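Trainee: Below is a structure I'd like to ask you about.
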Amino acid sequence: MSSAEALAFDVIVIGGGHAGCEAASAAARAGARTALVTHRFDTIGVMSCNPAIGGLGKGHLVREIDALDGLMGRVADRAGIQFRLLNRRKGPAVRGPRTQADRKLYRLAMQQMITEQENLTVVEGGAADLVCDGERISGVTLADGRVLKCGAVVLTTGTFLNGLIHIGEKRFPAGRMGEKPALGLSERLLSFGFTLGRLKTGTPPRLDGRTIDWQSLDMQSADEEPVPFSLMTDRITTPQIECGITRTTPETHDIIRANLHRSAMYSGSIEGIGPRYCPSVEDKIVKFGDRDGHQIFLEPEGLDDDTVYPNGISTSLPEDVQLEILKTIPGLEKAVLLQPGYAIEYDFIDPRELKRSLETRKVCGLFLAGQINGTTGYEEAGAQGLLAGLNAARRAAGSEPVILQRTEAYIGVMVDDLTSRGVSEPYRMFTSRAEFRLSLRADNADQRLTPLADEVGILSKERRKRYLTRETALSHARMVTQSLSITPNLAGYYDLRLNQDGVRRSAYDLLSYPDINLDRLIAIWPELASIDPVTREALEIEAQYAVYMERQQSDIAVMEREERLLIPSGLDFDAISGLSNELKQKLKQRKPETIAEAQRVDGMTPAAVALLIAQIRKFGGRQKLAAETLEGKGAA
């Protein structure tokens with residue numbers, strides 16, 4: 001192989017964080033010759049902030065990444081040291097699988113998967129510039145002068161894009177603590193005409209767990225039976241640990257109030273907007289100062305690591321103030337601070353500059369994923385990375401992009417929110433963002449998305465086999481329970497209280513009743529005892545939601561019709577009579593591709609949508625007439 005060939009790829013992914021790893025893996029699985037460009041191999045898969053994966057809404061994203069044969073779920077299963085299913089007492093649609101993770105195990109597991117992936121080469125070095133041929137991406141220039149040629153680029157810069165760390169009055173350029181920022185790429189993106197903004201996130205101090213008074217604290221245990229993220233994980237084998245729980249005190253709050261002027265957040269040093277749902281401890285005291293305390297979870301960062309992450313006291317106060325704060329918190333009075341908490345500002349691009357494939361509208365072949373799009377969180381980044389990497393590979397191969405709809409995945413909800421509405425603060429996934437969350441459950445992610453992964457060629461043979469085995473078992477169990485039925489009178493004999501209407505009900509129908517599960521039905525039909533535990537749970541959840549799903553299907557059908565109604569690329573929004581100038585301007589700026597996207601533009605009313613549809617039909621008629629005229633001239 002010549003040196004020129006060695007530096008030529010189909011897809012180049014810049015950044016080795018959660019978005020970058022998923023993007024590189026997805027592109028390589030799709031058959032693209034892929035390069036992952038990162039400063040150092042040993043930083044691939046680093047958990048920059050909280051050592052945890054999943055949670056409410058976020059756990060759904062991890063399951064969807066896994067259903068598409070991504071990495072995060074399998075890596076988290078290997079590294080998880082405290083698995084807990086959040087919202088366990090609520091319905092399955094809003095339950096959130098979560099685990100604390102051993103930072104080292106997570107990083108090493110991710111690096112192993114990246115190393116073992118076919119078609120994927122890790123290139124150590126900093127990305128200095130993007131190379132374009134006209135309005136199409138054609139390569140990446142590295143800081144050492146090497147030029148990598150490609151057909152598509154996925155940019156996953158995280159907090160590195162003009163990153164600036166703040167600790168009280170101190171501030172210095174960094175991508176995260178101890179690592180250099182990416183300084184040249186923002187200027188290149190501005191030269192392309194992109195709109196850049198500044199966002200902020202923060203992290204708490206790190207503590208020496210050996211100096212914490214664990215005996216005085218309440219402890220929280222892992223679930224007795226850990227539930228894995230991945231279909232490919234049979235059971236969790238990593239030892240499980242406890243974490244401690246403490247609270248801030250009125251004395252803590254007094255110290256924070258007295259030093260707000262020294263906080264980078266409140267001194268005016270920080271321009272960027274921080275995440276609403278992950279506030280700094282300063283924010284908590286300013287906005288919720290009437291509370292007598294705020295909860296802190298003391299999360300060990302590894303099985304053989306004494307570092308503890310105090311979840312709940314993210315801060316940009318000076319180091320000396322952070323030390324004073326620790327002395328006022330029960331159990332932390334003698335805690336040794338290993339690293340101060342800090343805030344970090346970074347550049348991001350208005351995600352309305354993107355298509356739903358995550359390709360930029362201005363530069364063909366340039367895809368963005370993760371915090372550069374205004375999101376926060378490993379899970380949001382990983383999900384975007386997978387979609388961007390897949391579509392980058394398809395762009396390089398000349399194939400149509402994969403678009404996930406709001407009706408089929410939380411990934412689709414997130415991408416649609418970002419590209420149609422933009423962000424005014426870091427975007428975090430919640431189940432409440434999805435209109436059809438009864439359909440988009442964590443437990444059925446494989447059923448929703450694995451067939452798609454198979455169709456587009458990113459599914460391994462091992463996963464296909466396991467998925468089909470599980471689906472066959474569920475299909476058989478469904479068929480059996482639907483074939484067995486009972487009258488209300490006979491059901492009463494087994495202490496099942498049904499409406500005495502004379503209508504026979506199947507075992508499947510009975511599972512939709514809140515107080516009836518498979519254990520109770522085995523007393524009537526002993527053959528149901530042969531259904532394995534995994535299939536049993538899936539069947540019970542499916543039956544429980546069956547009635548609601550039938551009702552929701554009509555709403556889904558309406559949205560899918562709107563998604564299919566495309567807006568022609570040549571449509572002149574200025575020519576739509578009756579549409580306000582403000583809406584015309586917004587439509588020209590956003591360039592919605594479907595009626596469903598247009599409906600989510602701020603200010604779009606039903607009347608405005610009707611005008612738009614009428615213009616599309618008129619445009620379609622003119623296009624047809626023009627084609628017929630050309631055809632007639634050709635015949636003459």
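The count begins at 1 with the first shown residue.
Note that Cβ sites are derived from N, Cα and C of the backbone, with glycine treated the same way.
Feature table excerpt (Swiss-Prot):
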type	residues	note
BINDING	Gly15, Gly16, Gly17, His18, Ala19, Gly20	FAD binding site
BINDING	274-288	NAD(+) binding site
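Let's see these features in context: how buried, what's close, how far.
Mentor: Secondary structure at Gly16 (FAD binding site), as computed by DSSP, is coil. Gly16 (FAD binding site) has a Cβ environment of 27 other Cβ atoms inside 10 Å.
Taking all protein chains in view, 23 other C-beta atoms sit within 10 angstroms of the C-beta of Glu282 (NAD(+) binding site).
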Trainee: Starting from the Cβ of Gly17 (FAD binding site), draw a 10 Å sphere and report how many other Cβ atoms land inside it.
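Mentor: That number is 30.
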Trainee: Can you check which residue among the binding-site residues Arg276, Lys284 has the largest number of Cβ atoms within 10 Å of its own?
Mentor: Lys284
Trainee: Of the binding-site residues Cys278, Ser280, Glu282, Val286, Phe288, which one sits closest to Gly16 (FAD binding site) when you measure Cα to Cα?
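Mentor: So, spelling it out, the nearest of the binding-site residues is Cys278.
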Trainee: Using a Cβ cut-off under 8 Å and a sequence separation of 6 or more, which residues in the same chain sit near Gly20 (FAD binding site)?
Mentor: Val13, Ile14, Leu36, Thr38, Val154, Thr156, Ala369, Gly370, Gly385
Trainee: Between Gly274 (NAD(+) binding site) and Ala19 (FAD binding site), find the distance joining the two CA atoms and give it rounded to the nearest Å.
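Mentor: For Gly274 (NAD(+) binding site) versus Ala19 (FAD binding site), the Cα atoms are 20 Å apart.
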Trainee: May I ask you to report the DSSP-based helix, strand or coil state of Ser280 (NAD(+) binding site)?
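Mentor: The residue in question, Ser280 (NAD(+) binding site), is coil (DSSP, three-state).
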Trainee: Using a 10 Å radius around each Cβ and all protein chains in view, which of these binding-site residues has the most neighbours: Cys278, Ser280?
Mentor: Ser280
Trainee: If you take the centroid of the Cβ atoms of Gly15, Gly16, Gly17, His18, Ala19, Gly20, the listed FAD site, which other residues of that chain have their Cβ within 8 Å of it?
Mentor: Val13, Cys21, Glu22, Ala23, Thr38, Ile44, Thr156, Gly158, Gly370, Ala381, Gly385
